[in-house]
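This report concerns only the one structure given below.
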Amino acid sequence: MEANHQRNDLGLVALTMLAQYHNISLNPEEIKHKFDLDGKGLSLTSWLLAAKSLALKAKHIKKEISRLHLVNLPALVWQDNGKHFLLVKVDTDNNRYLTYNLEQDAPQILSQDEFEACYQGQLILVTSRASVVGQLAKFDFTWFIPAVIKYRKIFLETLIVSIFLQIFALITPLFFQVVMDKVLVHRGFSTLNIITVALAIVIIFEIVLSGLRTYVFSHSTSRIDVELGAKLFRHLLSLPISYFENRRVGDTVARVRELDQIRNFLTGQALTSVLDLLFSFIFFAVMWYYSPKLTLVILGSLPCYILWSIFISPILRRRLDDKFARSADNQAFLVESVTAINMIKAMAVAPQMTDTWDKQLASYVSSSFRVTVLATIGQQGVQLIQKTVMVINLWLGAHLVISGDLSIGQLIAFNMLSGQVIAPVIRLAQLWQDFQQVGISVTRLGDVLNSPTEQYQGKLSLPEIKGDISFKNIRFRYKPDAPTILNNVNLEIRQGEVIGIVGRSGSGKSTLTKLLQRFYIPENGQVLIDGHDLALADPNWLRRQIGVVLQDNVLLNRSIRENIALSDPGMPMERVIYAAKLAGAHDFISELREGYNTIVGEQGAGLSGGQRQRIAIARALVNNPKILIFDEATSALDYQSEHIIMQNMQKICQGRTVILIAHRLSTVKNADRIIVMEKGEIVEQGKHHELLQNSNGLYSYLHQLQLN
C-alpha cells in the first residue's frame, strides 16, 4: 500500500531514483514529511529544495527537443499534469528517446512523434556535488597544467638554458658574417683564429647546454609520467564493478597502454621545439634588420604551414581514431583467445580463431598504412613549402647582393638565422602527427580517468559489524533498459544465522550478494547491516568484513601463503595454517615440495580446480569475517574435499552470519533457513524438512529432480 501511495507521487519516485543513481540514499517518507506539506505531491519548488537537501545540484530549465542531446542525462522531464518521466538517453541518429516511465516502472523507447506528444519543454537537470567537482577535474590537456606548476622550478631552469642556447644560436651567424665580410676581404688571419676559437667555445657550450636541457626536461617529464601512471592505476582499481562488466578486458588494456603514447610525447622533442619557437621573435627582429624583404618571405611561409596543418589534421584524426579502434579490437581478441586457450584447443577451433585474427590484423595494418600515407603526405607538403621558400630566398637574396643592398656575409647570416626560425616550425609540423596521436590517447585515457569511481569520501566507516542483514523492498536491474532482476525482495537475516539460497539460474541469487557487497546500489529499497544503510557506508570498510567465495575464484601469481594472506601480508603463519585447515587445504599444501611457499602460477594454473577453490575458501576465512558468502563455493570440489569442508562447516559458521548459494540442495539442507527464489522474488522459505512438506512447491520440485 505504501509503495502504491509513493507511486502516485511521481516526483518523489523520480527523486528517489535519481538520488540512488548518484549513490545518495534517502528515506522517501522523510522527504514527503518535510517537503510535501499539503499531501498533493512535490511541487516544482519543493522538488528542487528536496534535491538540494540531499546535496544534489538540481536546475530547472526549458529546452527545445532539438537540443536535448547536449544536456547531461539522466534528467527529469517535468510535466504540469504530474505525469513526470525520466529521460535516459537521446539517439540522434535514429531520432529515438530512451525514457523511464515512472508510472509503469519500466523503460520505454519513444519515437520522435511519441516524444514530442508528451514533452512540454521543461527539464530538471540533476547532478551530485561530487560529480561537479569531478567534471571540473576532468582529464584532458589541462590536467598537465598543475603538474607543470608543481615542477615550475625545473621548467624555469630549462627556460633559462633555452635562453642561452638561443643567444648562442644568434651569435654563430654573426661570426660567419664577420669571416665572410671582414676576414676574407682583409685577409686577417689573427682575427680568423680568434673567431675560430670563440666559435669552438660557443659550439662546446651549446652542445653541453643542449644535452643538459634535454636531461633536465626528460627528468621532470618522467616525474609527471610516474604521477599519471600511479593516478591511472589507483583510479582503475577504484572504478565500480559495472565499469568492467560493460567493457571488454582488451579494450580497457588498450586504453591503459595509451599512456605510452603520452610518455613518448612528453619526453620527446615536441615541447622543447615549442620553447625554441617562442624565441623566434628575437630572430625575426634581427632578420628584419638585415633585410625586410627576405624576412617577409619567411613570414609569408608561416601561414602556409598553418593552413596545410589545418587541412591535414581532421583527416589524420579520423584515421587515427579508426586505427585505435582496430588496435583495441585486436587487443580484446588476443586477450580473449589467450584466456580461453583451453576451450580453443579442446574444441579444435584454432583455424577459425586464426582466420578471425588474420582478418582483424589485416584491417589494423590497412588502417595503420592509411595513417602512415597521410602522415607522409603531410611531411612532404611541409618539405615542399620549405624548399620553395629556400629557392625564393636564394633568388631574391642574390638580387639584393648584386644590387649592393646586402653583403654576402649578411646573406649567409640571414639564411642561418632563418634556419633557426624555420627548424622548430618544421619539427612541430613533423611532430603534428604525434600531437594528434597524443590527443587521441588523452581522450581514450580520459574514458578511464573521467569515469566516476566508487565514492569513499563522506561515507561512514562504522564499528565492527555484528551480522544482522536486512533487504527492504529491493528492486534492481543492471541497466535502465534491462529486465528486472530483483523485484520487491524483503528478507531479514539474524546475526549468526546460516541461510541457504536456492533457485533456478537467473533467479537473482548472486545479485543479492552483490548488493550486500555494495557492488551496486538498488534501484529501489535499502540494504542494511546492523541497521546501517549500505548506500551510506564506506565500501572498503564493508568488504573488509565480508568473506566471499565464488564458483570461479582467481589466484594471483604468488605463493600459497601470499594468496591466503592477501589482505594482510604480515599475517602470522599460525592464522594462515588455521584457515587452511578449516578449508581442507592444509593436507595437500603440506605435500607440495615448497609447501606454503609454492608459487601457484598465473590465476592458479599450477593447481587443480579443487585445490584453487580450497585456497580461496581459506583466503575468505583468514580475516575471520562476520559475514561469509559461499556462492556455489563447493560445486567445483571433489566429494572428498567437499566432505572435509562440510565436516568443518560448524566451525566455519561459528560466530558469523553465513549465506550459502547452491544448486546442490545437499549443501544447504542443514541451514537454519532456506530461501527459495524464482524470477527475482522470494517464493518460499523455511527449513529443509518444512519445505519438503509442500509437495507443490519449487523446492520440492528441485529436490525431486536431484533425487532422480
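Just so you know, glycine gets a Cβ as well, placed from its N, Cα and C.
Values in this document were obtained by computation on a predicted structure and should not be read as measured data.
In Swiss-Prot, the feature transmembrane segment is placed on 389-409, out of the ranges 326-346, 389-409, 410-430. For the transmembrane segment (192-212), same-chain residues at least 6 beyond its ends with a Cβ under 8 Å from one of its own Cβ atoms are 161, 164-165, 168-169, 171-172, 175, 178-179, 183. Between the candidate binding-site residues, Ser505, Ser507, Ser510, the densest Cβ environment within 10 Å is the one around Ser507.
Taken through DSSP, the domain 'Peptidase C39' (1-126) splits into 50 helix, 34 strand, 42 coil. Neighbour density around each Cβ, counted as other Cβ atoms within 10 Å, peaks among the binding-site residues Arg504, Lys509 at Lys509. With a cut-off of 8 Å between Cβ atoms, the residues of this chain six or more beyond the transmembrane segment (296-316) that come close are 284, 287, 371, 374-375, 377-378, 381-382, 385-386, 388-389, 392-393, 396, 418, 421-422, 425-426, 429, 432-433, 436. Counting neighbouring Cβ atoms within 10 Å of each of the binding-site residues (Gly503, Gly506, Gly508), the lowest count belongs to Gly506.
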